[in-house]
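K.L.:
Pasting in a structure now, in structure tokens, and then I'll have a few things to ask.
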Amino acid sequence: MEWLSIHGGLLNTEFLRGKINIPGLIGVIVFYVVILVVGILASWWGMRKAKKQSNTESEDVMLAGRNIGLFVGIFTMTATWVGGGYINGTAEYVFTPGYGLIWTQAPVAYAITLVLGGLLFARKMRDAGYVTMLDPFRQRYGRVMAALLYIPALLGDVFWTAAILSALGASLSVIVGLNHVWAVLISAAIAILYTFIGGLYSVAYTDVIQLICIIVGLWLVIPFAMLHPAVTSIAKTANGNSTWLGEAPTGYWIGNYIDSALLLILGGIPWQVYFQRVLSQKTSRGATILSLAAGLGCIILAIPAIIIGAIAASTDWNATSYREFGEIPVPASDYPLALPMVMQFLTPVPVAVIGLGAVSAAVMSSADSSVLSSSSMFARNVYKPLRDALASKCSKAKEASEREVVWVMRVAVIIVGVSAAVLGIKVQSVYGLWYLCADMVYVILFPQLFCVIYLPFTNVYGSLLGYIVGWILRLLGGEPLLNLNPVIYYPWYDEESKYQLFPFKTLTMVVSFLTIVVASLLFRIFCGRRLIDPEANSYDMQGGDVNHAYDQGINWKYHSRNDDTKKSG
């Protein structure tokens, strides 16, 4: 291993965690340059192709002109889900004592997510010709409700991006020697740059390269790591005192286990990053196949990460050069580093560099997608409706042009990317952020999406009340990751771990769903009894287009029997 201490200039002691690994640094630079060049070329090729079609400029950038083929589509969907958080988080939990494989729910859960999304939502969304996940809400409930629903979607994307940037920062700090902060900032800057330039064209075609790197890099690491003298066979450590298989939940922890699984499965559906790929397909059939194939890909690509986590749990770290890097036994703060630790301390330098390329590829493939998805929703579902509303009230103002929407999206790419990078620097647990990002989406967005697609009688009143109830109940339940103490102590609350063992997140989601349904039905009843004037809101009570009730303003009108008598007379 060739090491070099550099002082002064860009690579000073604040830039480095320890000593810089020159081969590793060169490998990372080469990989980043290749990805950047591919992203720029894909953008140039895609824009030339788009000029021959009749799509709007924003559709070309956000959905690649709905011209992503099935092969590239499967690659980009799989690469997006198999991100840095996916492979790093999987290895982390398999390695973590007390959790292990049994508690590593995300790989199977997200595979089920993609299958359910393909069967229940992909065809309906693609047939409707939507551009973003929030379009059906804009159409049914109006622009204000769509903007409110953007908040949990944005938080989910930012948390997701932060998790995967944190994963890459951890890997670069171990293998290359870069300080975690600088590693996150540099990686975020590269992803932001080519996403800013090319939109989905750049993102989709770089995903193909990145997925190949993930497959080759992870599987290459495994045989070298298994043959290291400090590693006991994972077949032997699967029995006895090993922790890598984990312990099945018992007692009240079963409720927490089920809650977490449902959160990941159903909370993984309402993501713009998913629907962006679905909606970029030429046909609804292609959108469905895309989802099903990507679900299978998620399971297959979790296998090497699980094996690497098992190797980490089966290693005598005192017999490796890790003892010069960290404490023995491995402290909990280094559990998230399981994947890069195996690469760095159990494999030769060239293999570690290639493995680092796999981690970098995984992060880039998800970071760019998440940043683009939030930016697309902001430009189309928040900025454009607001801009058009202002234009309608001012005779001299013009509505937002397609080019203006695209540039707003590009500015949002920078803002969202920087925000995620800052959060990725602050939070250390990759898997914790992974759960947190699905949390908001599960509790708030899933019941809303199901209602807007499958329950045509729901309306903006029910949606708003369900939204408020969902937020209140979720926040009152507390969140240990954010040091937010609970106000509501559900049954089975564990004082020691500060966890709500009762499946309160699922309960919150169900209550939010029922609130939407019941409030919408009550509104229909009130309209029928003339307690509310439906004409004031341009409502179609048969469940059709709301005609943007909030755009028109909510006008409550009460009628007395005398008024009704006078009108009838």
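In case you wondered, yes, glycine gets a Cβ from its N, Cα and C as well.
Marked as transmembrane segment by TrEMBL: 20-47, 99-122, 143-168, 180-201, 208-231, 251-275, 287-313, 345-367, 405-427, 433-457, 464-482, 502-523 (among others).
Help me picture these features in the structure, burial and contacts included.
P.N.:
For the transmembrane segment (99-122), the list of distant contacts is 77, 81, 86, 89-90, 93, 243-249, 257, 260-261, 264-266, 268-269, 274-275, 278, 284, 287-292, 294-296, 298-299, 302, 305-306, 309-310, 313, 431, 434, 449, 453: same-chain residues at least six beyond its ends, Cβ to Cβ under 8 Å.
Remote same-chain partners of the transmembrane segment (143-168), defined as residues 6 or more beyond its termini with a Cβ less than 8 Å from a stretch Cβ, comprise 83-85, 87-89, 133-134, 137, 183-184, 187-188, 270-273, 336, 359-360, 362-363, 366-367, 370-371, 373-374, 377-378, 381-382, 385-386, 389, 416-417, 419-425, 427-428, 430, 433-434, 436-438, 440-441, 443-445, 448, 460, 463-464, 467, 548, 550-551.
When Cβ-Cβ distances below 8 Å are used as the criterion, the transmembrane segment (208-231) is approached by residues 31, 34-35, 38, 72, 75-76, 78-79, 82, 87, 301, 304-305, 307-308, 311, 314-317, 319-320, 342-343, 346-348, 351-352, 354-362, 364-365 of the same chain, each at least six residues removed from its ends.
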K.L.:
Against the transmembrane segment (433-457), which of these stretches has the most C-beta pairs under 8 Å: 20-47, 251-275, 287-313, 464-482?
P.N.:
251-275
K.L.:
Is it the case that the transmembrane segment (405-427) and the transmembrane segment (180-201) touch, counting contact as three or more CB pairs under 8 Å in which the residues of each pair are 6 or more positions apart?
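P.N.:
Contact confirmed: at least 3 Cβ pairs fall under 8 Å.
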K.L.:
Any chance you could find the range in 20-47, 180-201, 502-523 with the most Cβ pairs under 8 Å to the transmembrane segment (345-367)?
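P.N.:
Out of the listed stretches, 20-47 contacts the transmembrane segment (345-367) most.
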